[in-house]
Amino acid sequence: QTQLFGVLLAAASNFLISVSLNIQKCSHLRLACQTEPKPYYTSKLWWCGITLLGLGEVGSFIAYGFAPIALVAPLGCVSVIGSAFISVLFLKKTMKAADILGGTLTVTGTYLLVTFAPNVPQDLTARQVQNYLVSWPFLVYSILEIIIFCILLYFYKRKSVKHIVVLLMMVALLASLTVIAVKAVASMIMLSAKGKMQLTYPVFYIMIVLMATSCAFQVKFLNQAMHLYEATAVVPINFVFFTTSAIISGVIFYREFQSAALLSMFMFLFGCLLSFLGVFVIARNKKEAHLQMSFIDCGLIPGKKLTGKIQPDSRSSRYGTLNNEDNSVKSQS
């Protein structure tokens, strides 16, 4: 029951994140239609999306205290598929066959993930986390991860190699530390709330520092990738790298598949593969739609009847730059 609650909480949180992202995008599009555009942070709708995003992230954090990392991390695909289908309602986009195919693959993969996920105790004490930190499998894993990260960082800094794989591999290596720390912190907080105080142990604060540090650098490299490459390329690759690194870290640090049957492991990995394929299909479909429409049609924005077309300036926080030669649109505005 505890693990099922973590699954439902993780799925609901990721769905809430997809809703928040679509609300923010809808806010940007509405601001783009104004004759006197304002910064996006002055919009109440945008702040509503940010609030929902915060609630979704908090829910995902709590879910790590109830379910294994190997199960919570792949459920990030709910956010991708939810965003694809919610955009049909919020932004009035057309649903294509690729969306249905990708959604079917993702839902099937998610079902296999939940069905064949490892069933391990989730009440982690501070002493257990300490023992995991000094275990030889994790020490070997940490040394290898540090070596690989330093090599990638050398090519990134010294050789100016900013390939998408290099950037997102560094994000994934940092993410493996983040999920380990997040699960440890969430589990110790949950035990403390039940009456078994764990917050007096130094390892709790060590994990908080590790979580904050790895998350900060992870955001830095992810933003660099989003700046250099299209989101339709970054999202699926980052999802695959993040999920893979999270599962590996859960297997090595928390030994989540230690007593799992071979068939369960195979079906779990097959479910991950189906989820990866579904995310790639959905993202590829979004890319094609983006290439076909290089402008925003105001008539497709909820609550707007304007039929003119505008091109927002993506390099600033202000939207709604009208073409000077389009007098008919200017008169309508």
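Cβ coordinates come from backbone N, Cα and C, glycine included.
Caution: TrEMBL annotation is automatic and unverified by curators.
As annotated by TrEMBL, compositional bias 'Polar residues' applies to 313-333.
Taken from TrEMBL, the feature region 'Disordered' applies to 309-333.
The transmembrane segment feature in TrEMBL is assigned to 6-24 (among others). Outside the transmembrane segment (6-24), and at least 6 residues removed from its termini, the chain residues within Cβ reach (under 8 Å) are 40, 45-46, 48-53, 55-60, 62-67, 71-72, 75-83, 86-87, 90-91, 110, 114, 117, 122.
For 45-66 (among others), the entry in TrEMBL reads transmembrane segment. Listed by sequence, the residues of this chain that lie at least six past the ends of the transmembrane segment (45-66) yet keep a Cβ under 8 A from its Cβ atoms are 2-3, 5-7, 9-10, 12-17, 19-24, 26-28, 30, 72, 122, 179, 182-183, 186-187, 189-190.
Per TrEMBL, transmembrane segment is recorded for 72-91 (among others). Beyond the ends of the transmembrane segment (72-91), by six or more residues, the same chain brings 6-7, 10-11, 14-15, 17-19, 21-23, 25-26, 29, 60, 63-64, 99, 102-103, 106-107, 109-110, 113, 179, 235-236, 239, 242-243, 246-247, 250, 271-272, 275, 278-279, 282-283, 285-286, 300-302 to within a C-beta distance below 8 angstroms of the stretch.
Positions annotated as transmembrane segment by TrEMBL: 98-118 (among others).
The feature transmembrane segment is assigned by TrEMBL to 138-156 (among others).
Under the heading transmembrane segment, TrEMBL lists 163-191 (among others).
Taking Cβ pairs closer than 8 Å, the transmembrane segment (203-222) reaches residues 126, 129-130, 133, 167-168, 170-171, 174-175, 177-178, 180-182, 184-185, 188, 234, 238 in its own chain, all 6 or more past its ends. TrEMBL lists 203-222 (among others) with the feature transmembrane segment.
When Cβ-Cβ distances below 8 Å are used as the criterion, the transmembrane segment (234-254) is approached by residues 68-70, 73-74, 76-77, 80, 120, 124, 132, 137-138, 141, 164-165, 168-169, 171-173, 175-177, 179-180, 183, 222, 225-226, 272, 275-276, 279-280, 283 of the same chain, each at least six residues removed from its ends. Residues annotated as transmembrane segment in TrEMBL: 234-254 (among others).
Annotation comment: TrEMBL describes 260-283 (among others) as transmembrane segment.
Beyond the transmembrane segment (260-283), the same-chain residues lying 6 or more positions past its ends with a Cβ under 8 Å from any Cβ of the stretch are 70, 74, 77, 80-81, 84, 98-99, 101-113, 115-118, 232-233, 235-236, 239-240, 243, 247. Remote same-chain residues near the transmembrane segment (163-191) are listed as 61-62, 64-66, 69, 73, 122-126, 129, 145, 148-149, 152-153, 155-156, 198-199, 201, 203-204, 207-208, 210-211, 214-215, 217-218, 221-222, 224-225, 228-229, 233-234, 237-238, 241-242, 244-246, 248-250, 253-254 (criterion: CB distance under 8 Å, separation of at least six residues from the stretch ends). Below 8 angstroms of C-beta separation, residues 3, 7, 11, 67-68, 70-71, 74-75, 77-78, 80-81, 84-85, 256-257, 259-260, 263-265, 267-268, 270-282, 284-285 of the same chain, each at least six residues beyond the ends of the transmembrane segment (98-118), sit close to that stretch.
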